[in-house]
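Database features (Swiss-Prot):
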type: BINDING; residues: 40, 41, 42, 43, 44, 45, 46, 47; note: ATP binding site
type: DOMAIN; residues: 3-246; note: domain 'ABC transporter'
């Protein structure tokens, strides 16, 4: 499912003394089946943009098109349930939203709230519990008896049970250790590929943006500064650092190497293998 934002703007408490501009003239599209990342410093508008993707927030200027549904600023919208069923959002610390007596009931809550029968919802729960790396026996347990990592997977299963066409991830690995983060990100990537999802990742991790995204949207103060491939965006690491952002370790090491040997590699490397190949000729002759 394709998503397109055109001249999108948003103000909190518009036309009041407390009006605050959050987004301004945002123009970006997310192709069907693509994996995109949105990066930017805290307060850049990432999460506000994210909440427009399933109409949790409505634009105050411009429009957003999700599939065949168009949402235009100032136009009253009806039947948003269908849109919200197609766009699943995994927020930071999603486990905080667990509340039911059992894991099964928690996973079934969303689908049943959108009109799925209890029987079909239970079938979905049995399917998605495996998709998040857990087993069926956990369905009868209380979610509050589980480990933190298991609780997060259960919460993610609840989103997947809605059978979304678009998956929006808002810092989905917040609070996890490096191993847990890698497991969760690999899980999302596999789901993205297997289901043909349109995936939008909001992240502070430049490593994840470089590793998984096909396209990166760089934001500052509610506006889009750059849209490009990871290689294009990370080709100017100093500009990212000036914005208060980090860069992937491989990109940082490439910069150190180029300065030390006074050379310029042929491309911005995103993996260790790429960097090793690019460095090899210089290392073989002991530098430039």
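Cβ atoms are placed via backbone N, Cα and C, with glycine included.
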Remark   = Here the binding-site residues are 41, 46; the one whose Cβ sees the most other Cβ atoms within 10 Å is 46
Remark   = Those same-chain residues, other than 40, 41, 42, 43, 44, 45, 46, 47, found with Cβ within 8 Å of the centroid of the ATP-site Cβ atoms are 219, 220
Inquiry  = Cβ atoms within 10 Å, counted per site: which of 42, 44, 47 has the most, among these binding-site residues?
reply    = 44
Query = In sequence order, which residues at least six apart in the same chain have a CB under 8 Å from the CB of residue 45 (ATP binding site)?
reply = 22, 23, 26, 219, 221, 222, 223
Ask   = For the binding-site residues listed here, 40, 43, which shows the highest count of neighbouring CB atoms within 10 A?
value = 40
